[in-house]
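Take a look at the structure below.
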Amino acid sequence: MKKWMTVCALCFVFFLLVSCQQKDAVPDTAKKLKAPLTGLKTEQKVTERRPVAVVVNNHPKARPQSGLSKADIVIEALAEGQITRFLAIFQSQMPETVGPVRSAREYFVTLSNGFDSIFVHHGWSPGAKKQLESGAADYMNGLDFDGSLFWRADFSKPPHNSYTSYDYIKKAAEQKGYKLKQETNPLLFQTSDAKPANESYNVRVDYGTNNVTNLVEYNYDKKAEFYTRSSDGVITTDRETGKPVAMQNIFIVEASHHIIDQDGRRDIDLESGGKGLLFQHGNVIETDWKQVNGRIVPVKDGKWLPFVPGKTWINIVPDLDAASISKGEGV
């Protein structure tokens, strides 16, 4: 009897040890999972989610926009005139509402393809139409889904009132046979905490002319350790939350711009690389940039520079002189 009880006790102890080891193994695995475009801890199902890239209107009448706070990466570039548009790339978080959605340009398609995203837009330029209809990308065009998977907000007028959602994007993808799961190649991120600058720096980016004002400002909050953005003196907020949009990396890159038609549409050289300014932790680093497989990445002395884990905003400008740096107030 005693022998039998001893055997049972040993088996029970063995079972407990094995159970504890299995429980410990799950968190260890989970700790290694990072969102590919933010470098932040996440879940397995998130790492398998295909990115979505949405062309978002940045006309003054379109502000504040919806969904920008959930984008992992936002790329800002000129469309026609001195008005910019955003390419908002979502992967770790998906928007319940995103917009106003605007029309495609060829360079936005190229940038979207760098992440193998589903490309979401409402309308297109002749060049982008030819590009997309030739199979350059999986896309969802608001012209095909206006009134169904895109809706018109009643607080604004066209073309500043077209919106969609991730649920509707998924429905369109299923209708068109696009994959919704994939492994996304990660960006390069810092693996250790970098020291913030003793003196933090802010930056202004002037997309305007003598007749048109389009001034973007990024200000660093030392206490919160992120940047906020403003357009023409008004803080950039997310319409859905009312809160300022925050980011950890600001990357300003110079690329050649050329007017290509009588409507003022542009071609932007995303192949040649050039000069850049990288803002992180209040610091500013003079860099170069390269386009690698459709992605704009910072390079210094021939080596890629890592991003700070978090969200990244990239501003493409015709001339780096559009950026002016100033000391922060140490908030």
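Backbone N, Cα and C define each Cβ position, glycine as well.
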Completion exercise
Feature phosphothreonine (Swiss-Prot), candidate list T97, T209, T236, assigned to T97
Handout entry: Listed residues S92, S103, S112, S192, with the one flagged phosphoserine by Swiss-Prot
Key = S103
Problem - Between T97 (phosphothreonine) and S103 (phosphoserine): CA-CA distance (Å) - result: 17
Completion exercise
Residues near T97 (phosphothreonine) by Cβ (under 8 Å) yet at least 6 apart in sequence within the same chain, in sequence order, are S66, G67, Y163, T164, S165, R239, E240
